[in-house]
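*Asks:* TrEMBL feature annotations, pasted as is:
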TRANSMEM  18-39  transmembrane segment
DOMAIN    42-114  domain 'DUF1736'
TRANSMEM  60-84  transmembrane segment
TRANSMEM  104-125  transmembrane segment
TRANSMEM  137-156  transmembrane segment
TRANSMEM  190-208  transmembrane segment
REPEAT    232-265  repeat 'TPR'
REPEAT    297-330  repeat 'TPR'
REPEAT    331-364  repeat 'TPR'
REPEAT    365-398  repeat 'TPR'
REPEAT    432-465  repeat 'TPR'
REPEAT    500-533  repeat 'TPR'
REPEAT    538-571  repeat 'TPR'
REPEAT    572-605  repeat 'TPR'
Amino acid sequence: SYLTANNNQNFLYTARPFLKRAALVISYVILVLYFRLWMMGGSMPMFSEQDNPASFSPYLLTRFLTYSYLLAFNAWLLLAPITLCYDWQVGSIPLVESIWDVRNLATVFLVLVMALLSLHCIAAFKKLEHKEVLVGLLFLVFPFIPASNLFFRVGFVVAERVLYMPSMGYCILFVHGLKKLSTWLNKWRITVPTLFALLLLLFSWKTVKQNEIWLSRESLFSSGVKTLPHNAKVHYNYANFLKDQGRNVEAIYHYKTALKLYPRHASALNNLGTLTKDVVEAKDYYRRALQLNPQHNRALFNLGNLLKSQGRKEEAVILLRDSIKYGPEFADAYSSLASLLAEQERLQEAEEVYKAGIENCPESSDLHNNYGVFLVDTGSPERAMSHYRQAILLSPAHHVAMVNLGRLHRSLGQNKEAEVWYKRALKVSRKAEILSPLGALYYNTGRYDEALQVYREAAALQPSNKDTRLALAQVLAMMGRTKEAEKMTNRILSEDAECLECYRLLSAIYSKQELYAKALEAIEKALQLKPKDPKVISELFFTKGNQLREQNLLDKAFESYKRAVELNPDQAQAWMNMGGIEHIKGSYITARDYYEKALQLVPNSKLLKENLAKLDRLEKRFHEVQEKDQT
């Protein structure tokens, strides 16, 4: 008994430094966990069933058996990392729901191994030898405890990353076992290092092959589908990649596969809705997603936008507000809701939404850009300018904000600044939608050669874009290259016989060539298209009047001008031309009437003032002649 007491004293004396360190480490861990909980507002993170299905099982036996088997599975991953995957969620490992499940044998085997190792540690520790087994076991077990579901629910089934620290303990135990094996197999000592070297080579080869999987997003996500084809999450992730790449048919297949494996996958339903071209089908997908998860902010957003496009604006507003409520950091929802409110003339509400969005998503460059557009439309160009600049500051490659800023400078008559921003946007991306406003700037400032060059490049980038090609034809016509302009305009008309602007341009080209009959014919065709905008119809009648006047058909020209001012009383040039026709016909009183109406609209017109002066002189001469005749 004396020897036993003495051994116990030696054991306690030897264990004292270890116990002190253990107490210190445990205190440190508790402190870190408390800090983590405090940072999270005193609540644990929220997980869904697909993150960790076992933790949502209503049956205690299922949870216990599955958690226990997962310990054995993780131990096997350390020993033989053959099947590896970046995500082990949903159905990667089916639940162990019965004690007769054969996988329970793996759990029993692990328990026996760990029990034997623990007994060996206790015995060895009392003899003050083989401390490395204890250290290895501690490193193997303790770092894994937070991921074991023992104290709280975790957000994964298996996560290879949590085995990094336990692998240190495994390596210690492995080396210790290798040393012991070498000692026992004295005769075949050379065999053990050889086998160890082969094992190292095998694991090195596996590491190289595994690293190839992580080379790109595609290789990573496709590897998951090959490794765990029964895992809904890997099909969903791969479908997301395919969707981003524009490979929609493949994406739809993998979304549907994910739903077959896990029918309650709300995000897969939502994303399927964004890919289908059938509006009714898309609406069904969004509604099904919301049935599974009423707080799915993306499904709320997509359904809201769909209803908005169908004119069901009040329903859309409610859905978009809910999308913001459940996803306050989702910037697109703020932009969509604000634009919808602006369409309804609820400008104050729209501005409040934009401000709330910028407050909750201060890093969203798109939100700043969209708010800038709103401010321009509501007459606050200076404030808009600051938000465009903020968008560019947050995202230096935001070419849309650069173009918008260029357009704003252009509207303020600051052409040099506008040109700078257009060119800066072109350094980011040479797109037709950036080249076109720069071409318009050159055209409107008389820089036709540069406009021609820019529009040619834009047309080459988007050969099917009718507006770009039409703008190019306008530049050619302005430069006097009327044959090229005519040919290009007729080519557009052969593709789109209802191109109103094409007929207007053709009329201008023929007029420049003094082919007034053909010019008149082109305008007649434009009028046959029956445009809805009264101002456009007024412009067409005004142009028709000009062509008739050039052919000296003054009465018909007068009727066309009259139709123009009936549709748009602000058409000053038409009033003046009507006055000119009456002036020529000698109806001075009527002519003065029309001139004065035109002068009210353009009080600084020198031509009108000159015409009125001529009219005054004619009337004066006419009165003088009348007086002489009377005497």
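Cβ coordinates come from backbone N, Cα and C, glycine included.
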*Asks:* If we skip the immediate neighbours and take only residues 6+ beyond the ends of the repeat 'TPR' (365-398), which ones have a Cβ under 8 Å from one of its Cβ atoms?
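*Replies:* Contacts of the repeat 'TPR' (365-398) (Cβ under 8 Å, skipping residues fewer than 6 from its ends): 331-332, 334-335, 338-339, 342, 347, 350-351, 354, 357-358, 404-405, 408, 411-412, 428-429.
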*Asks:* Under 8 Å between C-beta atoms and at least six residues away from its ends: which parts of the chain pack against the transmembrane segment (60-84)?
*Replies:* 54, 93, 95-99, 101, 103-104, 106-107, 109-110, 144, 148-150, 157-158, 160, 162-163, 166-167, 170, 203, 206, 210, 227-228
*Asks:* List, by number or range, the same-chain residues at least 6 past the transmembrane segment (104-125) whose CB is under 8 A from its CB atoms?
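*Replies:* Result: 11, 15, 65, 68-69, 71-73, 75-76, 96, 131, 133-134, 137, 173.
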*Asks:* What counts of helix, strand and coil residues does DSSP assign across the repeat 'TPR' (297-330)?
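*Replies:* Going by DSSP assignments, the repeat 'TPR' (297-330) contains 27 helix, 0 strand, 7 coil.
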